[in-house]
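Notes follow the structure.
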Amino acid sequence: MEPVDPNIEPWNQPGSQPKTACNQCYCKKCCYHCQLCFLQKGLGICYGREKRRQRTTTPYASKNHKDPIPKQPLPQARGDPTGPKESKKEVESKTKTDP
């Protein structure tokens with residue numbers, strides 16, 4: 001494509017830029033407004049500086065992560081230490097009453 005006027009830069013040639021300015025509308029007509037609009041709006045390609053995104057946390061999600069581990073009951077020794085003594089007493093009392 002030959003420039004119309006060789007003394008003018010290619011980006012200033014007639015027809016190289018649209019007559020209307022770019023806008024924030026995403027309709028079909030505005031997406032095909034110019035090459036820049038097509039890349040950004042139509043294809044979603046933007047070569048600009050990316051902004052940092054802040055994490056959005058919900059109170060429900062943060063609550064789940066902060067729950068402490070449920071406490072487990074303390075391990076108990078097998079058999080009750082007072083159990084065998086009582087059972088012996090019960091056996092002795094039963095044997096005494098039975099004869």
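Every residue number used here counts from 1 along the chain in the order it is shown.
Cβ atoms here come from the backbone N, Cα and C positions, even for glycine.
Annotated features in Swiss-Prot:
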{"type": "BINDING", "residues": "CYS22, HIS33, CYS34, CYS37", "note": "Zn(2+) 1 binding site"}
{"type": "BINDING", "residues": "CYS25, CYS27, CYS30", "note": "Zn(2+) 2 binding site"}
{"type": "MOD_RES", "residues": "ARG52", "note": "asymmetric dimethylarginine"}
{"type": "MOD_RES", "residues": "ARG53", "note": "asymmetric dimethylarginine"}
{"type": "REGION", "residues": "1-24", "note": "region 'Interaction with human CREBBP'"}
{"type": "REGION", "residues": "1-20", "note": "region 'Disordered'"}
{"type": "REGION", "residues": "1-48", "note": "region 'Transactivation'"}
{"type": "REGION", "residues": "22-37", "note": "region 'Cysteine-rich'"}
{"type": "REGION", "residues": "38-48", "note": "region 'Core'"}
{"type": "REGION", "residues": "49-86", "note": "region 'Interaction with the host capping enzyme RNGTT'"}
{"type": "REGION", "residues": "54-99", "note": "region 'Disordered'"}
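Feature annotations (Swiss-Prot) mapped to structure.
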residue	record	Cβ contacts under 8 Å, 6 or more apart
CYS22	Zn(2+) 1 binding site	HIS33, CYS34, LEU36, CYS37
CYS25	Zn(2+) 2 binding site	none
CYS27	Zn(2+) 2 binding site	none
CYS30	Zn(2+) 2 binding site	ASN23, CYS37, LYS41
ARG52	asymmetric dimethylarginine	none
ARG53	asymmetric dimethylarginine	none
Discussion item. List the residues in the vicinity of the Zn(2+) 2 site, defined as same-chain residues other than CYS25, CYS27, CYS30 with C-beta within 8 angstroms of the site's C-beta centre.
Written reply: ASN23, TYR26, LYS28, LYS29, CYS31, HIS33, LYS41
